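Feature list (source: Swiss-Prot):
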- 98-126: motif 'Q motif' (MOTIF)
- 129-302: domain 'Helicase ATP-binding' (DOMAIN)
- Ala142, Lys143, Thr144, Gly145, Thr146, Gly147, Lys148, Thr149: ATP binding site (BINDING)
- 250-253: motif 'DEAD box' (MOTIF)
- 331-478: domain 'Helicase C-terminal' (DOMAIN)
- 496-548: region 'Disordered' (REGION)
- 500-509: compositional bias 'Low complexity' (COMPBIAS)
- 510-548: compositional bias 'Gly residues' (COMPBIAS)
- 571-628: region 'Disordered' (REGION)
Amino acid sequence: MYSILRRAAPLRRRAVSALAAAVLRREEAAAEVVVSRRATIPAAWFHSSPAWLGFRETGAAGAAARPQYAADEGLFYEEDKRGAKAGGVAAGGAEEGLEVAKLGISPKIVSQLASRGITKLFPIQRAVLEPAMQGKDMVGRAKTGTGKTLAFGIPILDAIIRHNEKNSPGKFPLAIVLAPTRELAKQVEREFSDSSNVETICVYGGTPISQQIRQLNYGVDVVIGTPGRVIDLLKRGALNLSEVRFVVLDEADQMLSVGFDEDVETILDRVPPKRQTLMFSATMPTWIQRLTQKYLKNPVTIDLVGEDDQKLAEGISLYSIASEGHAKPAVLGELIKEHAKGGKCIVFTQTKRDADRLSYTMGRSFQCQALHGDITQAQRERTLKGFREGHFNILIATDVAARGLDIPNVDLVIHFELPNSSELFVHRSGRTGRAGKKGKAIVMHSYQQSRAIRMVENDVGCKFTELPKINVEGSDLMSGGFDSFGGGGFGREGGGSYGRRGSFGSSSSRGGGFGDSGFGRSGGGFGRSGGGGFGRSSGGGFGDSGFGRSGGGGFGDSGFGRSGGGGYGDSGFGSSGGGSGRSGFGRSGGFGDSGSGRFGGGFGNSGSGSFGNFGGNNSGQSGGFGSS
């Protein structure tokens, strides 16, 4: 039954459709039956040449004859049914790219790629294709953003399609692709499913594992996922790797950096020894070299970076600009207006907190969203979908988005802080200028970091154009200067709640709501000098020693208000001393203003003005929420 349903693809793509799910429930018992594949898949099943290619060349002779490929070589196949001739690349062939229609791959793939406007391959794709189609193990070092996903995808998809045309599709996967992040895994899965009708599944944490188990029971051709979730599925017995013939490690160095090294080795130990392994990495640390020696057999090395070559993709223009902290959001706004011109822009920050704060500040003038590790998976997917579809054009992200995300047509990347390493600069900047398109990357730095800019230039082999200083005095974003967020909470001395001076309108510009070192400190009360509520030091709810201390304070101390302060307690809703809490939501400003709403609380007692009219020096006195 599952075999019949699988041939009904693309009814189900990326997840089990409602119809398929209903059929699965009715046929649950039948779905447990595993249709074994026919004889072991031939080693050269993916090559239509009459010459037997073997899964790998072995022996000294084969190793000696093995070529090492580079981007500037004309990579066509030997004369065979694919129609290409050795040495048939003209001098400009490498520049023009290799035509997909001449590869001799399945017409289904050619048609799908053509529908996406892909008719030629870029250098990494051209360099990878020949050894991959010949079944050779491979280690590829490539520039970021040059389309390597399609490079290893085409040979795998072609192999699976040809196999399924000759054999009944089985239940267990023929290929597995490991990626360090869920975003990269989803990108790879999307590339595979958009290029053919093979059955794929993307597995990663943060989503119900039961749904992934059901889909695996249904039968898939390719598993793409993060090592952690793959290990979980293996432990549950839901994933069987006994028929895997292709293994891909994408962004392998990043799997090491996020702690997946042991999981990767466990997975490699579980796949059959007779397989083709393709590994791609921007860098080659010791762990990558050890993996190569242990798990790859006579691998072809493809280095499209080189020690002296520029590591950024071509077409990215680089700029730098000096800016001090308090003015940075305003400068950022001007950069976006000038260089993005309404197009897509990604702004990278160092921390999750900075991404949230900057998103809030920039949201006053731009359509933007934050993306970082604390955002739920569902929200992250909605954010990425909205950005791709143009519902908003500015994404403020941490480095979770710096590697592997395929977001088309990003016009501008801005490094809000100088990256910690040249390598990180490359990965961040690689979000623009992808697949041969033009893009810009701008680094914002302090005047003291000019030397660090020179170091990046030396390491990467690039040159920044220094932009002139931008005058942002009077900008709407200056009042929400990044420094005003302060440290230890959304606010600090000198800056108000969410960065406004004096919070919700205080005259003192002191003691920021949502405070410093905890929800409000030093002058608390949603931004009031010396007043209570949500603060500390002379009355601060949500502050020190319970919900308020020292001088009585809204949501108070010792029973929602102390030392003469009404607040939801003492003296009711404010008789003789402050509606909703004297020295809290009431006295000396409560929600803001120095001198407003003092004495005479209540929601409308003569001369009251409790709540302080949300700000304004001396505003709300004898008034506020309606008194005569």
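Cβ atoms are placed via backbone N, Cα and C, with glycine included.
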Other than its own, how many Cβ atoms are within 10 Å of the Cβ belonging to Gly147 (ATP binding site)?
22
Cβ contacts of Thr149 (ATP binding site) (under 8 Å, same chain, 6 or more positions away):
Gln187, Val188, Glu191, Asp250, Asp406
So, three-state DSSP: helix, strand or coil for Thr149 (ATP binding site)?
helix
At a 10 Å cut-off from the C-beta of Lys148 (ATP binding site), count the other C-beta atoms across all protein chains.
24
